[in-house]
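Shown next, in structure tokens, is the structure this report addresses.
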Amino acid sequence: MGTDNQTWVSEFILLGLSSDWDTRVSLFVLFLVMYVVTVLGNCLIVLLIRLDSRLHTPMYFFLTNLSLVDVSYATSVVPQLLAHFLAEHKAIPFQSCAAQLFFSLALGGIEFVLLAVMAYDRYVAVCDALRYSAIMHGGLCARLAITSWVSGFISSPVQTAITFQLPMCRNKFIDHISCELLAVVRLACVDTSSNEVTIMVSSIVLLMTPFCLVLLSYIQIISTILKIQSREGRKKAFHTCASHLTVVALCYGVAIFTYIQPHSSPSVLQEKLFSVFYAILTPMLNPMIYSLRNKEVKGAWQKLLWKFSGLTSKLAT
């Protein structure tokens, strides 16, 4: 293959979801509202946990980390997507595309590991409740959170580097909403088997391994719940895990379907829809899931609103 055919591109063109102007404007309004709700919801969860001493527990410490990851992931994708909805020239510089891929891979990896850590926390809370405080002490929680963040940022630069060293042969049109891994790899004009193997290995390490740990944790949790004699006790134990289990199903389900088998990957349209779901819907839904299904969080919201209304009344008088 000639050198001329392997010319590096300086920018990419993201084809996005639609070329129709009216559709793009409608999507801009919809995604802008969803992004604002995502940022506000996750930031309010972090603020609520910070302000309410009753929520200063390992579970909510990890939830704080999850909210930070969610809002960061959405921010790595959505602002650029919104700008391109209204732009005629949907270009993204090479460096910006690489940075977007780096952060999306890193934050995705962090989330998968963090969800496994949260499953372990729920396992200890249900299966070893008497020793919960002794096991899940502050030092261990901090180390588990740091491990989650480090694991994502270790694998991401490797995956990003081997992806963007592929010759693109002047092919700069990315048929996606962002610089997503599989979409960028498809631009290469050389054999990408080694990249697909790397994607598979990375998926096993950062996706399937945490997922298996989650499954093992919940097998033990369910086994313990079934041994509880009282119906009220079983109900309380189940509600302890319900919110996390819902989030696990949302996050792992989409990622496994997209990445675990590159050779039989979904269609381009499905990939775009999965990316929208993962980058916008999931971060927006997570705070709602934890708020609506958790009595402690709902109680903290009521307490905060009561304080806020009291402060407003004082200022008004």
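Yeah, the Cβs are placed from backbone N, Cα and C, and that goes for glycine too.
The disulfide bond annotation in Swiss-Prot covers C97-C189, and the record cites sequence analysis as its basis. Neighbour density for C189 (disulfide bond): within 10 A of its CB lie 14 other CB atoms from the protein chains shown.
What Swiss-Prot records for N5 is N-linked glycosylation site, and it gives sequence analysis as the kind of evidence.
Mean predicted confidence for the topological domain 'Extracellular' (1-24): the pLDDT average there is 74. Annotated topological domain 'Extracellular' per Swiss-Prot: 1-24 (among others), in sequence order, evidence recorded as sequence analysis.
Residue counts for the topological domain 'Extracellular' (80-100) under DSSP (helix as H, G, I; strand as E, B; rest coil) come to 13 helix, 3 strand, 5 coil. Summarising the annotation, Swiss-Prot assigns topological domain 'Extracellular' to 80-100 (among others).
Marked as topological domain 'Extracellular' by Swiss-Prot: 161-200 (among others).
For 262-272 (among others), the entry in Swiss-Prot reads topological domain 'Extracellular', with the evidence type sequence analysis.
Per Swiss-Prot, transmembrane segment is recorded for 25-48 (among others).
Here Swiss-Prot flags 58-79 (among others) as transmembrane segment, drawing on sequence analysis.
Sequence-distant contacts of the transmembrane segment (101-120), counting only residues of its own chain at least 6 positions beyond either end whose CB sits under 8 Å from a CB of the stretch, comprise 59, 62-63, 65-66, 69-70, 72-73, 76-77, 144-145, 147-149, 151-153, 155-157, 159-160, 163-164, 178-181, 184, 206-207, 209-211, 213-214, 217-218, 244, 247-248, 251-252, 255, 278-279. Here Swiss-Prot flags 101-120 (among others) as transmembrane segment.
Residues or ranges marked as transmembrane segment in Swiss-Prot (evidence: sequence analysis): 140-160 (among others).
Residues or ranges marked as transmembrane segment by Swiss-Prot: 201-222 (among others).
Taken from Swiss-Prot, the feature transmembrane segment applies to 237-261 (among others). Below 8 angstroms of C-beta separation, residues 66, 108, 111-112, 115, 118-119, 122, 125-126, 181-182, 199-200, 203, 207-208, 211, 214, 218, 221, 224-225, 228, 271, 274, 277-278, 282, 285-286, 289-290, 293-295 of the same chain, each at least six residues beyond the ends of the transmembrane segment (237-261), sit close to that stretch.
Among the features that Swiss-Prot reports, transmembrane segment is placed at 273-292 (among others).
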If I restrict to non-local contacts, at least six residues apart, and a C-beta distance under 8 angstroms, what lies near C97 (disulfide bond) in its own chain?
E11, F12, F164, I174, C179, V184
Would you call the transmembrane segment (58-79) and the transmembrane segment (201-222) in contact, using three or more Cβ pairs under 8 Å, pairs 6 or more apart in sequence?
no
Considering only Cβ pairs under 8 Å, which range in 140-160, 201-222, 273-292 makes the most contacts with the transmembrane segment (25-48)?
273-292
Cβ-based contact of the transmembrane segment (201-222) with the transmembrane segment (273-292), 3 or more pairs under 8 Å:
no
Per-state residue totals over the topological domain 'Extracellular' (161-200) - DSSP helix, strand, coil:
17 helix, 2 strand, 21 coil
